[in-house]
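Chemist: Below you'll find the structure I mean.
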Amino acid sequence: MTPPGSTTRTPSRAIARPRQPAVLTAPAVLAVALLAIPLLGVLAGAPWSELPARLGSARVREALGLSLLVSGWALLLSVLLGVPLAWVLARAHFPGKPLIRSLVLLPLVLPPTVAGVALLQGFGRSGLLGGPLEAIGVSLPFTTAGAVLAAAFVSMPFLVITLEGALAGLDSSLEEAAASMGAGPLQILRLVTLPLVLPSLTAGAALTWARALGEFGATLTFAGNLPGVTQTLPLQVYLLLQEDPAGATAVSLLLVVIAAAVLLSLRGRWTGVGRG
Amino acid sequence: MRARSRAAVLAAALLVAPVAACGDAQQRDPAITLTVLAASSLADVLDEARAGYEEEQPDIRLRLSFAGSQELVAQIRQGLPADILITADSDTMDALRGRTGKVRFIAGNEMTIVTAPGNPDGIHDTAGLARPGLKVVLAAPEVPAGAYGREVLERAGVTVSPVSEEPGVRAVLGKVVLGEADAGLVYVTDAVAAGESVGRVPVPSEENVTVRYPAAALTDSTHPAQAEDFLLWLESGTAQRLLHDAGFQQP
């Protein structure tokens, strides 16, 4: 994932680094402020003294448990389907590959509510697969499985693009060496390729999980909102905001902390820069 | 290089043009803009009423914003500048006591059962919603339509396990129109607006609720006189006829 050209960087000790131009520093500081102020607002607005009581309430615990269940299954689904897809995109040659790659990226840029409408038109009762699914007794809208599907739809792209980038950038000599020693393709994948891309796989999985945990629009549109079944933490924040803004801020703080913890634990591994 | 700078100029023009156009419109147009925050169930009828009012009052422009009543109250508390608030129950209006002027009721509404067109599941009364396996959606208890829906079920002595508690009454209607849910409880006016795309099963009056829409000017309004005029107009024959046609009742 290191961009070409960065290997020719001159050692900083030999030549004095150019000073940071103020014309870049000022907007950069503004950018940081733009991103940081809303989060500081959550910290400032959170009802700290009542935090344990609010986050420990049965309602919040139920939504947290459901959120963990849904995001966990979404991650599992993303790994089971996304890892093979990333491998195919990185290694196989077939017509229409750019099209498939765009398809994988689409959920990242679609408004989540549009994703929800699309899921209804695809897997809803009157959607494309609604009839066949009903015939085998499967109904996805308004179920926890539907919430998992919505979360996987919007979060799997993170896993696929992270892993595909790592696989494409891999030095192929190790795999070739393994092949010359008589290893089969699945053996190479298991013993050579996957261990080499494990850091990227971990990073992609963490981002996928964090995105699944934060999923709101597609879940609400496709799976609806019912406590204990489909009301995950983000949906609860939205409804709490209408009757209990302080409660909404408390749950928001919980989600901010979880997301920040995931990103800090990655320490820039996803972007390949800023380590250490 | 030239192509790139041309693209940059084009992009800049696209970004600036709408802003410039707004500025022009404001300079040429001396009209006063009134911001009206209203409950979602009023969306269709107020859009229609706006055209009529702006024609009658050429120097007034109405900017309409619709959301669930609770959300509107939250928006005002967060400092959203507005002139008029119309909610779907008195509780939400009372929550802003001290920040609103005189409250008047402009319309009434009731709840009704909506089903797929032609009522394929044969739901004939409120008790029919309790049938096992039937997918019923209600509005979330946090929004007025959800509270009213639960009141209807309580009065009918019916226990319903909904498959979803939607964040707004229009989302309930949407799930029924899309065919994802078998039935839902919505305002009569929502069912009227949906026309042929839903079936309607009336809720008998002894089980039904009387929904009244309170309207008031906000004390922070920068155009209190114009806001008062609009509220008076909402009580006039012209506006009341529009409300009646949309399925609303006398307040």
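Here the Cβ of each residue, glycine as well, is placed from N, Cα and C on the backbone.
Quick paste from TrEMBL:
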- A:64-264: domain 'ABC transmembrane type-1' (DOMAIN)
- A:21-46: transmembrane segment (TRANSMEM)
- A:66-90: transmembrane segment (TRANSMEM)
- A:102-124: transmembrane segment (TRANSMEM)
- A:144-167: transmembrane segment (TRANSMEM)
- A:188-210: transmembrane segment (TRANSMEM)
- A:246-266: transmembrane segment (TRANSMEM)
Chemist: Look over the recorded stretches A:21-46, A:102-124, A:188-210 and say which has the most C-beta pairs under 8 A to the transmembrane segment (A:144-167).
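Modeler: Against the transmembrane segment (A:144-167), the leading stretch is A:188-210.
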Chemist: If we skip the immediate neighbours and take only residues 6+ beyond the ends of the transmembrane segment (A:66-90), which ones have a Cβ under 8 Å from one of its Cβ atoms?
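Modeler: Distal contacts: 97, 100-101, 104, 144, 147-149, 151-152, 155-156, 159-161, 163-164, 167-168, 189, 193, 201, 204-205, 208-209, 212-213, 215, 219, 228-234.
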Chemist: What parts of the chain pack near the transmembrane segment (A:102-124), using Cβ distances under 8 Å and only residues at least 6 beyond its ends?
Modeler: 85, 89, 130, 133, 140-141, 146, 149-150, 153-154, 156-158, 160-161, 215-222
